[in-house]
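Going by TrEMBL, these are the annotated features:
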type     : residues : note
COMPBIAS : 19-37    : compositional bias 'Polar residues'
COMPBIAS : 48-57    : compositional bias 'Polar residues'
DOMAIN   : 96-321   : domain 'Amino acid permease/ SLC12A'
DOMAIN   : 344-621  : domain 'Amino acid permease/ SLC12A'
REGION   : 19-62    : region 'Disordered'
TRANSMEM : 94-112   : transmembrane segment
TRANSMEM : 124-145  : transmembrane segment
TRANSMEM : 206-225  : transmembrane segment
TRANSMEM : 237-257  : transmembrane segment
TRANSMEM : 288-314  : transmembrane segment
TRANSMEM : 348-368  : transmembrane segment
TRANSMEM : 415-434  : transmembrane segment
TRANSMEM : 474-491  : transmembrane segment
TRANSMEM : 511-531  : transmembrane segment
TRANSMEM : 565-586  : transmembrane segment
TRANSMEM : 592-612  : transmembrane segment
Amino acid sequence: MLPSQGPVWIPLTSPSNLASQIRSTSTQTEDANTIQPPQEIVAESSDNESNPRSDSSLDVPPYPEPITGFCIVSPKLITVTPSPDRTVKRSLKGIHIFMITINAVLGTGLYWRGGQVLELGGPLAVVLSFLLVGLLSWSVMQCVSEMLCIWPIPGALSVYVSEFVDVELGIAVGVAYWFTYSMAFSTLLATSAAEFNFWPVINNSTGIHAGILYLLIPLIIVWANAFKIEIYGMLEVLTGGIKLLCLAIIVCALIAINRGVGQADSSPLGVKYWSSPTAFDSDAAPNWFTALLMGMSISTFSYVGIEIVAASALEAKWPHQKSGSTTPSDAIPRPNDTLIGNTVKLSAIYISIFSTAAYTIAGFLVTLDIGREDCELPRVSWLSDDIKDHCPTPGSKAAFVTVALKSGIPHLADVFNVFLIFTCLTCTSTNLYVASRTLFGLTSGLEGGKGQPWYLRVLAWFGKTNRHKVPIRAVLFSAIAFWWVPFLQLIGEPETRNSINMFIEMLSEMASMGVLIVWGCECLAFIRYYHCISTHQYILREKGVLQVERDNYNEYPYRSHGQPLLAYLAFVGCLFLLVVAGGAALWKGFHFLPFVAPYLTIFVFFGLWAVLKIARKARWAFVDLSDGHMVAKKLQKLHEIRGATQT
């Protein structure tokens, strides 16, 4: 027992021998794919990781940091009794995770935001924005993939930061990640409504907006997220396949239009719209470079979702070592819990490459078929009232739909718009899935029994699943939290609605900035992890810690490229996009929206971190990784957490 002191945060995830208890009881389950917790976990709180202790009844590592959740308790012995209603089903195969990620990444970022970037900075800005931000996303995912292939555990993104950087920072990362996707669920509903407005019969009907777009469709999406994970995974495979087919059709149509199909004189368009590749909107930016930075900030929204393989790893199916393998890697006997990285490896490594290629190529093709001065292209929202001199009304159509309209091909614009709506709604569904699993990961380990504060009991309530092992409470709360946002579009006259649209765009930009913060924290976690295992390699080998030798290709699941330099560059790139590119819109003059969107997100995030530090009475210092023996126990604890979920 520890001496009496202020309330502390204690981990509720099973370390060390608790993991073996879970494995030993998992064979007694009715469902082989259900994570089974131990019958009883007895944990004692610890205030300072610099004061390691030994407990003969429970081998708790000296650094008891929270993994999937936390609670505030008095420094006394507590009993936590997890039950099957706090477990999920591991049924997602590699193809399911790949398509879930595809559905999250291929949203409106390309189709809608691409037109904004084109109007803002010209054709060259479109290509460079998608390419440069795509390279940054690949660099970030290199860092995340290496850790994820070793530890695809619940709340992975939060755990990595908690274990290798700072406990409170890891909690803040989890909260920011949930906010990003819960908010994106609502803002994408608003975006889909704007795409429905392409048809006048819908644009002029408030009833359709309120009853169908803002109520019925979200209810259908929530209903789909309530399916058993096996059914939901197959639904994601189906919709993801359709979405990839839609993208292929759009790319082929753009090429055909550029070659003259549909034109009255059948003359190819060629590269005539590239005669001034660096033309820019002088009302928004003082020069082209500033417009490029603004375009990069806008393009960041397109890549939100490349990291969600870490969220879906919670329900990834465990592979089993094949018998009779002839490859050198498979010939080495290994426990099944070291093979789980194979399920997430493909998605984690290659989604960012695919997304970068798809966005850059499609963005380039659309710049060949429409000029920057086209009146139908949408401007950044804080300039939407300033109509261009040669335009009767502000633009409100996606660039791809505008290209289809001007092509002369009958009903092609309608087809493109249907594709865009389908893309947007499927992305909305996936965002709700990610938000709910993130909230479940944060709250499933909370103790909400008697004696706990009321707010912890409320949070613990969201960490339960239904009889199908779906965290339905987390699904409902993640959907309802910001469901009110799209309804704001029904308020007031056109002048008021424009201000409301600016507010919705601000929320969308805040979600993008939230992901950049998470990316930066993951890069920092990898940097500290890399130096940690490099410095203590001898001790880790002596202690028999598996999967920490990066040069051992037979054992180490995935070795990312160019480390640690790539991680440092990715970390700096995230900071640059967040602080410099995010504020580039202010270089022409002060505007409220571009100021609040990036910087309010930063203030709130670090404010939350500070509040957690103060509430926990924690040290203002990063996790101490200087002791090799303590590091060995920390890594072994992560291995045990991974193994504890094996079924």
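Numbers here mean position along the shown chain, with the first residue as 1.
Each residue, glycine too, has its Cβ placed from N, Cα and C.
The largest share of C-beta pairs under 8 angstroms with the transmembrane segment (237-257) comes from 94-112, of the ranges 94-112, 124-145, 348-368. Most Cβ pairs under 8 A with the transmembrane segment (288-314) among the ranges 348-368, 565-586, 592-612 are made by 565-586. Contact between the transmembrane segment (511-531) and the transmembrane segment (94-112) is absent: fewer than three CB pairs lie under 8 Å, with pairs separated by 6 or more positions in sequence. Mean pLDDT of the predicted structure over the domain 'Amino acid permease/ SLC12A' (96-321): 89.
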